[in-house]
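Record features (Swiss-Prot):
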type: BINDING; residues: Asp14, Asp141; note: Mg(2+) 2 binding site
type: BINDING; residues: Asp14, Glu53, Asp78; note: Mg(2+) 1 binding site
type: DOMAIN; residues: 5-149; note: domain 'RNase H type-1'
Amino acid sequence: MTKKHGRIIAAATDGACSGNPGPGGWGALIRFEDGSVQEFGGFETNTTNNRMELTAALEVLKKLRDFDRDPHLRIRTDSKYLIDGFETWIKGWKKKGWRTASGKQVLNQDLWEALDQYRLANVRLEYVKGHSGDPDNERVDDIAVSFSKKIAIQLQCDHHIQNEK
């Protein structure tokens, strides 16, 4: 991997879905200290908004493993479900055999397990209110919605971060 961009200093994720369940998309970006931005996203035919939120975060965590990053990096998201699940609920779910407090099977267990596997020390999730003018949140929302609707969108992408639609 090239180090030409320096450390990752910021990241953002979002998910979108039409119908819930229905066609969905996710969008993400990472910012490097040299000012460059890497954007990526994906599409699923039959999914939910929550699955797309989790997928976006998972894809960012996978990318973060390959780069130097700010030791206090925060992944910004407008999904309280993602934040609460990743930061708090997952500990109890694992202790209870992936059951909720009411005894039901945890939804999206496959993605929660993958997120836990790719968890990185000192990387936390940070809430940003959706559609509040935050530029990174607005951009990843645009990416997620475009992918969910199969609308072409130009992504900022360097050669070492691959994007396929």
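Along the chain as shown, the residues are counted starting at 1.
For all residues, glycine too, the Cβ spot is worked out from N, Cα and C.
Feature map: Swiss-Prot annotations on the structure.
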| residue | record | DSSP (3 states) |
| --- | --- | --- |
| Asp14 | Mg(2+) 2 binding site | strand |
| Glu53 | Mg(2+) 1 binding site | helix |
| Asp78 | Mg(2+) 1 binding site | coil |
| Asp141 | Mg(2+) 2 binding site | helix |
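Counting Cβ atoms from all protein chains shown, Asp14 (Mg(2+) 2 binding site) has 32 others lying within 10 Å of its own Cβ. In this structure, the binding-site residues Glu53, Asp78 were compared by how many other Cβ atoms lie within 10 Å of their Cβ, and the smallest count belongs to Asp78. A 10 Å cutoff on Cβ-Cβ distances gives Asp141 (Mg(2+) 2 binding site) a total of 20 other Cβ atoms nearby, all chains included. For the Mg(2+) 1 site, the Cβ centre of Asp14, Glu53, Asp78 serves as reference, and the other residues of the chain with Cβ at most 8 Å from it are Thr13, Gly15, Met52, Ala56, Thr77, Ser79, Leu82, Gly130, Asn137, Val140, Asp141, Ala144. A distance of 10 Å separates the Cα atom of Asp141 (Mg(2+) 2 binding site) from that of Glu53 (Mg(2+) 1 binding site).
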